[in-house]
Ligand SMILES: NC(=O)C1=CN([C@@H]2O[C@H](COP(=O)(O)OP(=O)(O)OC[C@H]3O[C@@H](n4cnc5c(N)ncnc54)[C@H](O)[C@@H]3O)[C@@H](O)[C@H]2O)[C@@H](O)CC1
Ligand SMILES: [K+]
């Protein structure tokens, strides 16, 4: 199992939210590095530590503190201490000064002199490298490769892309690599790598947390359409459900939300919100005769959400079946529409959002213990070939490969309509994220919105109260 740089940053942030700070992780990283250096060095050997200004360098500062009593340690910082990019790395640099451990500042590429060390510890660049190599980092990498020393790299050999293993320019030729938490994809197949457990709790990966929202950062050059055109197919016996769902999609950042609904209720749906683009079809409920037109419209949109307020009439369910059979994009399936999923033959990428009763109707597992449920839902999702988000006190999300759980939300959210809101957020997320991640973020944000509303006003929450709280849940405090 490997982990990408982006996922690692998310897990790190989730760990911090679980009260395991990045500084604690850095301490573990530095300790693991010091152990690796001890394995290749004799007491009294000289150890040249080359550190960049990010957390990769911070790990190396910690290692220096662990090694200084038994080795001849000298730390070279590539740049001025004021320009160290993170507080925790800067604090660990300060700790070296306070302990009177030998440090040097390398202010230009010609100033780096490693001497003739027995060991070089390479903390120049880790997973945070971006763009072409700059100075003095580039020269430091070249100097490390020239040294007649055993080279130990921190996390990844500096200059290498951790996700791909690509070296665009030069990279440190490491004899040993100590990587943290999990193997990085770019290091796969090498026999010189140690994976160090740095104390990240399993919960930081299992439970959706604020780190999962890091992928929602927006590029300032984005334009209309980049964040999704979401189409809700819903309504008939109910009018509020599709309107709530489509509004939630907008609050979750979709650019445009379309509601395809029977013309008998179209005016009512539009009346709830001017922001919606209502596209009526003839009659009082969805029927097979509407499917051809809906498929043509859906092909122009990024994501479809089918189910909210549709009802469970036989011909409506037939229409859902026909629609999914002909659709090839991403579809969030909710409410009555869920029951057709097990026997539909489709090329669509489905995200099903059942509560536990609906999951049982689909032929899925019904167990009380959430961890047991998670394992069974993963199996069920794999067999179905779909992503499933099972709503509950602990929401479970799985695409059969990745399984997550969500703990946000509260008993006030058992009120009608919150599921429509969740489906809407899921649809918006699915236009920029892969399906399992979209569902995970949606569950987290929906619950966070509900928690914010209840904190402010107490119970008595309406699903429509959630709408205004969605943006802060997604883009507020990280
Ligand atoms: N995410 C985690 O959970 C943990 C990460 N840790 C360490 O943190 C590292 C990632 O730290 P950061 O995100 O601070 O990033 P890095 O330390 O990998 O690199 C960022 C620094 O490099 C400079 N830089 C970036 N691209 C450059 C280029 N092309 N040429 C020259 N300089 C360049 C930046 O200005 C910045 O100073 C990991 O590799 C690992 O060593 C550990 O501290 C423990 C926990
Ligand atoms: K490194």
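Using the three backbone atoms N, Cα and C, a Cβ is placed for every residue, glycine included.
Automated prediction, rather than curation, is the source of TrEMBL annotations.
Model, not experiment: these values are computed from the prediction.
According to TrEMBL, the (6S)-NADPHX binding site annotation covers 55-59, 126-132, 155, 241, 309, 355, 420. Shown in sequence order, the list is empty: the chain has no residue 6+ apart in sequence with a C-beta less than 8 angstroms from the C-beta of residue 130 ((6S)-NADPHX binding site).
In this structure, residue 122 (K(+) binding site) is part of a beta strand by DSSP. Taking a C-beta cut-off of under 8 Å and a sequence gap of six or more, residue 122 (K(+) binding site) has these contacts in its own chain: 50, 60, 141, 144, 151, 152, 153, 154, 157, 158, 172, 174. For 56, 122, 158, the entry in TrEMBL reads K(+) binding site.
Residue 419 (AMP binding site) falls within a helix when secondary structure is assigned with DSSP. Under the heading AMP binding site, TrEMBL lists 419.
Under the heading domain 'YjeF N-terminal', TrEMBL lists 8-206.
The domain 'YjeF C-terminal' annotation in TrEMBL covers 208-477.
Under DSSP, residue 158 (K(+) binding site) is assigned to coil, being neither helix nor strand in the three-state scheme. Excluding 56, 122, 158 themselves, the residues of that chain whose CB lies within 8 A of the CB mean position for the K(+) site are, in sequence, 50, 52, 57, 60, 123, 124, 125, 126, 141, 153, 154, 155, 156, 157, 159, 172. The least crowded of the binding-site residues 127, 158, judged by other CB atoms within 10 A of its own CB, is 127. Within the model, the domain 'YjeF C-terminal' (208-477) carries an average pLDDT of 96. With a cut-off of 6 Å between Cβ and the nearest atom of ligand 1, the binding-site residues 122, 158, 355, 419 reduce to an empty set. Using a 10 Å Cβ-Cβ cutoff, residue 155 ((6S)-NADPHX binding site) registers 28 neighbours.
The binding-site residues examined here are 55, 56; by Cβ neighbour count within 10 Å, the least packed of them is 56.
Just so you know, of the binding-site residues 58, 419, the Cβ with the fewest other Cβ atoms around it within 10 Å is the one at 419.
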